[in-house]
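Undergrad: According to Swiss-Prot:
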| type | residues | note |
| --- | --- | --- |
| ACT_SITE | TYR136 | active site, proton donor/acceptor |
| BINDING | GLY11, GLY12, ARG13, GLY14, MET15, VAL16, GLY17, LYS140, HIS179 | NADP(+) binding site |
| BINDING | LYS187, TRP202, ARG209 | substrate binding site |
| SITE | SER107 | site 'Important for catalytic activity' |
| SITE | CYS109 | site 'Important for catalytic activity' |
Amino acid sequence: MGKGKKLLITGGRGMVGRNLIACAARSGWEIIAPTSVDLDLRNAEAVEQYIRRQLPDVVVHAAGVVGGIHANIADPIHFLADNAAMALNVVMSSFRSEVVTLINLSSSCMYPACIEGPLKECDILRGPFEVTNEGYALAKTVGLKICEYIDKLPNFNYKTLIACNLYGVGDNFDPRRSHLLPAIIEKIHKASQCGSESVSIWGDGTARREFMFAYDFAKIIIKALEVPELIPSSMNVGVGKDLSVLEYYSLVARVIGWSGEFVYDLNRPVGMRSKLMDITHLTALGWVPERSLEGGIRSTYQYYITGNEVYE
């Protein structure tokens, strides 16, 4: 489907957006990826005019205000208001312009905190959100539901891909906004460089997380664009297994070559104990990630120390 078709990607400067642009370019898509300077997605009128002018064949909504536990706790207002506004503006403007295929990207953070995993798509809204990212989760749920309603209409394919935690080339290592794996890379690299013998872990290290390499996720998005009618309205995208936070710290330490000890900060929030997702729908399509966790971490660390953006 890609060759000669016009693909609008929001959030093209983010990690997922960068990986998606690289992947889509190799598949022959004509890519439009406005920056936040070019187009403020929170401005409904501006988004409406932009989409009417560009008339994309398909849209991937990858933009969002994102961050780890600290950022979500510190600024729930913007995590809710900005993410909800962007989703509604992009989805509704696309719908009114009769864009028939849209992929909305969401996150496992939207799942209820009380559900025992693996988390299934039908578990959404079956309980309260995790309090540490409630604003973000609520905004993502709004985006999912509006796409779900449109997807029920004839001739429209508005799908939501619910990603597990992502990492990779183009990641954000700023400790104020980074997610778990880039934060670990930043902390252990600095400990290695300054000769520190210990690194602090939030919590006791037993919370579990599932991570996918961002370029693998980008390839799945492209596959979904090619056959949107084959996927359900919402679909989990993950690797089907998780590790403890301590195991991620240990793996990053091995990749970097640091051999210090870990100290547990039990006064820090840790979020949900586990967010492993059920990927039955994904595997039924034969779509599986290709990059090993250690290989992905090595590629991400090379990007961190060199700044070279090699997407593959």
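Using N, Cα and C of the backbone, Cβ positions are placed for all residues, glycine too.
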Undergrad: Using only the Cα atoms of GLY11, GLY12, ARG13, GLY14, MET15, VAL16, GLY17, LYS140, HIS179, which the record gives as binding NADP(+), return the largest interatomic distance in Å, rounded to a whole number.
TA: 19
Undergrad: With an 8 Å cut-off on Cβ distance to the LYS187, TRP202, ARG209 Cβ center, who else from the chain surrounds the substrate site?
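TA: My list of surrounding residues reads LEU180, ALA183, ILE184, ILE201, VAL245, TYR248, TYR249.
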Undergrad: With an 8 Å cut-off on Cβ-Cβ distance and a minimum sequence separation of at least 6, pull the same-chain contacts of LYS187 (substrate binding site), or say none.
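TA: The answer is PRO175, VAL199, SER200.
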Undergrad: Tell me which residues of the chain lie with their Cβ under 8 angstroms from that of CYS109 (site 'Important for catalytic activity'), as long as they are six or more apart in sequence?
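TA: For CYS109 (site 'Important for catalytic activity'), the qualifying residues are GLU130, ASN133, TYR136, ALA137, LYS140, LYS275.
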Undergrad: For a quick check of understanding: given the listed substrate-binding residues LYS187, TRP202, ARG209, what is the maximum Cα-Cα distance in angstrom, as an integer?
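TA: Greatest Cα-Cα span of the listed binding residues: 18 Å.
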Undergrad: How many whole Å apart are the CA atoms of ARG13 (NADP(+) binding site) and SER107 (site 'Important for catalytic activity')?
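TA: If we compare the Cα positions of ARG13 (NADP(+) binding site) and SER107 (site 'Important for catalytic activity'), the gap is 18 Å.
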Undergrad: Within a 10 Å radius around the Cβ, which one of these recorded positions has the most neighbouring Cβ atoms: TYR136, TRP202?
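TA: Counting every other Cβ within 10 Å of each candidate, the maximum falls on TYR136.
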Undergrad: Of all the recorded positions given, namely SER107, TRP202, ARG209, which is spatially nearest to GLY11 (NADP(+) binding site) at the Cα level?
TA: SER107
Undergrad: Looking at the recorded positions listed here (MET15, GLY17, SER107, HIS179), whose Cα lies nearest to that of TRP202 (substrate binding site)?
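TA: Smallest Cα separation from TRP202 (substrate binding site) among MET15, GLY17, SER107, HIS179: HIS179.
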